[in-house]
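As given in Swiss-Prot:
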- CYS12, CYS15, CYS34, CYS37: Zn(2+) binding site (BINDING)
- PRO116, THR117, GLY118, SER119, GLY120, LYS121, THR122, LEU123: ATP binding site (BINDING)
- 1-53: domain 'ClpX-type ZB' (DOMAIN)
Amino acid sequence: MSSDEKLQILYCSFCGKSQHQVRKLIAGPAVFVCNECVDLCNDIIREEEIAQAGGAQKKLPTPPEIHRMLDEYVIGQEFAKKVLSVAVYNHYKRLGNQTKKDSVEISKSNILLIGPTGSGKTLLAQTLAKILDVPFAIADATTLTEAGYVGEDVENIIQKLLQKCNYDVEKAKTGIIYIDEIDKIARKTDSPSLTRDVSGEGVQQALLKLIEGTVASIPPQGGRKHPQQEYLQVDTSNILFICGGAFADLHKIIQRRTDKSGIGFAAEVRPKEDFSREASKLIKQTEPGDLIKYGLIPEFVGRLPIITTLEELDEDALMRILTEPKNALVKQYRKLFEFEGVEIDFREDALKAIAKRAIQQKTGARGLRSIVEHTLLDLMYDLPGVAAGLRKVVIDSGVIDQASPPIFIYHHEKASRKVAQE
């Protein structure tokens with residue numbers, strides 16, 4: 001290489017690498033910096049910011065404060081909110097005092113939520129993570145299998161949590177993981193299985209160590225595991241696990257234990273609503289032994305010492321869910337219609353009709369959005385084209401029941417019914 005060619009080669013003023021050794025070289029007044037040095041500087045600044053944030057920890061809200069914040073997003077379920085507020089407060093109080101040397105070591109208390117579909121189990125867990133500003137991940141127990149079998153490995157749950165916090169291991173250690181449909185991995189009988197149960201008892205065994213606390217080896221950035229790879233080591237001892245499930249027919253096991261109701265010819269004949277109310281009362285009496293009879297192994301039940309139940313939402317609760325929370329469905333659709341310069345008004349009879357349909361479909365609060373979305377589909381499809389001159393749209397029970405179209409109120413009219421164009 002000639003001396004002239006050497007003079008033409010540019011070098012990073014910080015690491016000394018040439019322009020051929022790096023992807024990009026940025027020029028400044030008499031200096032050059034490469035992309036690798038820029039990335040390194042960003043990493044140093046990010047680490048300092050994390051350290052400063054860790055040093056100035058936010059004040060942990062008290063149980064009543066947590067309860068009040070849950071009230072802003074979750075309607076009803078007062079007992080469950082109280083239990084969760086205390087459990088979460090104690091968990092993070094325990095984490096905040098771990099550095100202090102003390103002879104008493106406080107064990108982690110994971111939580112089991114029992115309640116019908118759409119009663120608010122997932123929302124409660126999500127809202128807790130939002131209140132406490134900690135990473136949160138959801139896993140579906142029905143997709144999990146033992147390691148080595150086709151399906152999702154239980155350690156993938158930790159990977160989901162890492163993804164939520166940009167693979168910050170220290171932050172992930174303080175997160176919350178919600179495992180839904182936990183009742184679906186119950187074994188069929190309460191006696192040990194003689195055959196391999198890949199998605200039932202086997203998954204419970206695989207989850208045991210993870211929930212209690214172990215060091216999980218997770219591939220970086222979501223890659224697949226292979227022998228030559230360096231893994232991220234994540235200690236799960238401080239991760240709060242909340243498990244949830246409907247536990248259908250659990251009340252029958254509790255009924256046999258408590259022997260509250262007669263059977264056979266002497267049994268009292270009661271309406272369907274009474275059976276539902278009685279089942280709800282029985283579920284509140286759930287004990288660890290009932291869960292073992294249901295099909296959860298004793299060791300797994302032992303890792304979930306806090307058990308709380310959620311009630312089935314009635315019509316009044318569903319109507320309140322539509323309007324009261326910060327992110328209530330009615331408020332969301334009002335905002336969507338505001339973007340088009342149109343006001344939308346849901347009358348009380350419409351809210352009642354939506355709630356009734358959700359109860360009929362047995363979807364609880366989870367089904368409310370799909371009912372409203374289906375009802376407003378044609379209207380939202382045509383709205384951008386007809387919004388000019390339109391001031392207000394009124395939704396009543398007739399619209400929900402598909403018996404009549406919405407009421408359109410124009411700026412120059414009082415009220416008229418218009419059929420959305422098909």
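Cβ coordinates come from backbone N, Cα and C, glycine included.
Structure coloured by features recorded in Swiss-Prot.
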residue	record	DSSP (3 states)
CYS12	Zn(2+) binding site	coil
CYS34	Zn(2+) binding site	strand
THR117	ATP binding site	coil
THR122	ATP binding site	helix
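For THR117 (ATP binding site), the same-chain residues lying six or more positions away in sequence with a CB closer than 8 A to its CB are ALA246, LYS362, THR363, GLY364, ARG366. Working note on the binding-site residues CYS15, LEU123: by count of other C-beta atoms within 10 Å of each C-beta, LEU123 ranks first. Neighbour counts of Cβ atoms within 10 Å were compared across the binding-site residues SER119, THR122; the minimum falls on THR122. Under a cutoff of 8 A between CB atoms, and with a sequence separation of 6+ in the same chain, the neighbours of CYS12 (Zn(2+) binding site) are SER18, VAL22, LEU25, PHE32, VAL33, CYS34, GLU36, CYS37. Cβ contacts within 10 Å of CYS34 (Zn(2+) binding site), excluding its own Cβ and spanning all protein chains shown: 24. Here CYS15 (Zn(2+) binding site) is positioned 58 angstrom away from SER119 (ATP binding site), judged by their C-alpha atoms. For CYS37 (Zn(2+) binding site), the count of additional Cβ atoms within 10 Å of its Cβ stands at 18 [all protein chains shown]. Applying an 8 A CB threshold to same-chain residues 6+ apart, the list for GLY120 (ATP binding site) reads VAL74, ILE75, GLY76, GLN77, ALA80, LEU310, LEU313, ALA365.
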